[in-house]
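Novice: Before we start, here is the structure in question, set down as structure tokens.
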Number of protein chains: 2
Amino acid sequence: MNYSPPDQQTLEGVLDTVKFDKDGLIAAIAQSAEAPHEILMLAWMNREALAETLATGRVCYFSRSRNALWRKGESSGQTQQLVSARIDCDRDAVLVLVQQKGVACHTGRRSCFYHEVTPEGLRDTTAPEISAEALYGKSH
Amino acid sequence: MNYSPPDQQTLEGVLDTVKFDKDGLIAAIAQSAEAPHEILMLAWMNREALAETLATGRVCYFSRSRNALWRKGESSGQTQQLVSARIDCDRDAVLVLVQQKGVACHTGRRSCFYHEVTPEGLRDTTAPEISAEALYGKSH
């Protein structure tokens with residue numbers, strides 16, 4: 001269950017095979033290591049975020065809204081520790097198996113995928129486990 | 001384990017809440033219903049593909065390379081039957097739980113996510129279960 005990073009040279013070789021899109025991004029899926037049936041979230045990584053994730057074992061995304069690296073949990077404390085990382089066949093997506101501290105979703109839910117399509121429309125499958133205030137402080 | 005589609009009006013209401021990107025797409029993650037720890041693939045849907053998927057229960061993507069609807073399995077026979085669909089918190093990604101017939105990956109592997117990052121670089125975690133010839137015919 002422990003991730004072992006490649007050395008810098010090997011890591012650069014891996015990164016060179018990844019096909020980042022025209023905005024320099026790939027899609028990144030986070031899956032729970034403790035409960036692997038649980039898909040926690042989908043976010044984005046640029047080369048720098050993927051490099052940091054694979055070098056440190058702490059998951060780092062790229063925030064498209066902030067246009068900056070997004071070290072998961074740096075404001076909320078809800079970090080993701082990498083267990084394994086897999087690139088897909090056409091090398092434009094990455095699946096990270098992670099140990100999620102607390103919840104992945106900014107709404108306080110464990111997973112971001114909670115709007116289920118039902119015959120009656122969208123239905124929330126889960127309730128928040130923690131408030132936004134507890135996650136981000138009163139100023140949020 | 002059976003998906004029940006909403007009626008047309010309810011479906012349009014659901015689709016209206018989805019935030020397609022500047023290219024009209026959302027990311028779509030396919031997860032195996034039989035083996036939910038298995039993430040099969042990541043692809044893309046436009047509004048039409050998502051509408052067809054949710055109306056018919058047969059998963060349909062949008063192929064960015066062919067710029068056309070991609071009814072999963074229409075040439076390979078490796079169809080995906082929808083079990084459930086969940087939209088994420090910011091409504092720009094969808095997670096589909098599917099019954100995968102055969103394999104999801106065009107390489108003949110069950111899952112597209114098979115290039116694992118190891119200290120020695122990328123390592124294939126799985127071998128193809130079926131040949132491209134068997135999947136797509138000799139002309140492929």
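From the backbone N, Cα and C atoms, a Cβ is placed for every residue, glycine too.
The annotation Mg(2+) binding site is assigned in TrEMBL to A:Asp88, A:Asp90, A:Asp92. Feature annotation from TrEMBL assigns Zn(2+) binding site to A:Cys89, A:Cys105, A:Cys112. TrEMBL lists A:41-114 with the feature domain 'Phosphoribosyl-AMP cyclohydrolase'.
Please go over these features one by one and say how buried each is and what sits next to it.
Specialist: Summarising the environment of A:Asp90 (Mg(2+) binding site), the number of other Cβ atoms within 10 Å of its Cβ, over all protein chains shown, is 14.
A:Cys89 (Zn(2+) binding site) falls within neither a helix nor a strand when secondary structure is assigned with DSSP, and so counts as coil.
According to DSSP, the domain 'Phosphoribosyl-AMP cyclohydrolase' (A:41-114) comprises 10 helix, 34 strand, 30 coil.
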Novice: Rank the binding-site residues A:Asp88, A:Asp92 by how many other Cβ atoms lie within 10 Å of each Cβ and give me the one with the fewest.
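Specialist: Looking at the binding-site residues A:Asp88, A:Asp92, the Cβ with the fewest others within 10 Å is that of A:Asp92.
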